[in-house]
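Some features that Swiss-Prot has for this protein:
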type	residues	note
SIGNAL	1-21	signal peptide
DISULFID	Cys24-Cys42	disulfide bond
DISULFID	Cys35-Cys63	disulfide bond
DISULFID	Cys48-Cys52	disulfide bond
DISULFID	Cys67-Cys79	disulfide bond
DISULFID	Cys80-Cys85	disulfide bond
Amino acid sequence: MKTLLLTLVVVTIVCLDLGYTRTCLISPSSTPQTCPQGQDICFLKAQCDKFCSIRGPVIEQGCVATCPQFRSNYRSLLCCTTDNCNH
């Protein structure tokens with residue numbers, strides 16, 4: 001009986017671990033959302049366009065499979081791998 005109970009506990013833990021997905025803040029509202037499967041990296045990107053001096057940088061947050069390449073019009077780029085780390 002103890003062996004059966006221990007087996008059920010182990011199977012439950014393994015199944016829960018397999019189903020884990022990342023949560024990241026998603027723009028424009030910065031609310032936490034579950035990322036699609038395979039997108040385990042949170043990112044925060046601040047980029048400038050021709051109106052940057054008036055309204056400030058455009059902020060984008062979300063989930064990605066790989067960190068975006070840094071570009072010259074970016075003010076900053078953050079990629080991280082813990083829940084809701086892209087604030």
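Here the Cβ of each residue, glycine as well, is placed from N, Cα and C on the backbone.
Rounded to a whole number, the C-alpha distance linking Cys52 (disulfide bond) with Cys79 (disulfide bond) is 22 angstrom.
Between the candidate disulfide-bonded residues, Cys52, Cys63, the densest Cβ environment within 10 Å is the one around Cys63. Here the CA atom of Cys42 (disulfide bond) lies 6 Å from the CA atom of Cys79 (disulfide bond). The separation of Cys85 (disulfide bond) from Cys42 (disulfide bond), Cα to Cα, is 7 Å. Between the C-alpha atoms of Cys80 (disulfide bond) and Cys67 (disulfide bond), the distance comes to 9 Å.
Residue pair Cys24 (disulfide bond) / Cys63 (disulfide bond) shows a Cα separation of 6 Å. In the three-state DSSP scheme, Cys67 (disulfide bond) is classed as coil.
Listed in sequence order, the residues of the same chain lying 6 or more apart from Cys35 (disulfide bond) and placing their CB within less than 8 Å of its CB are Thr21, Arg22, Thr23, Cys24, Cys42, Cys63. Here the CA atom of Cys67 (disulfide bond) lies 19 Å from the CA atom of Cys48 (disulfide bond).
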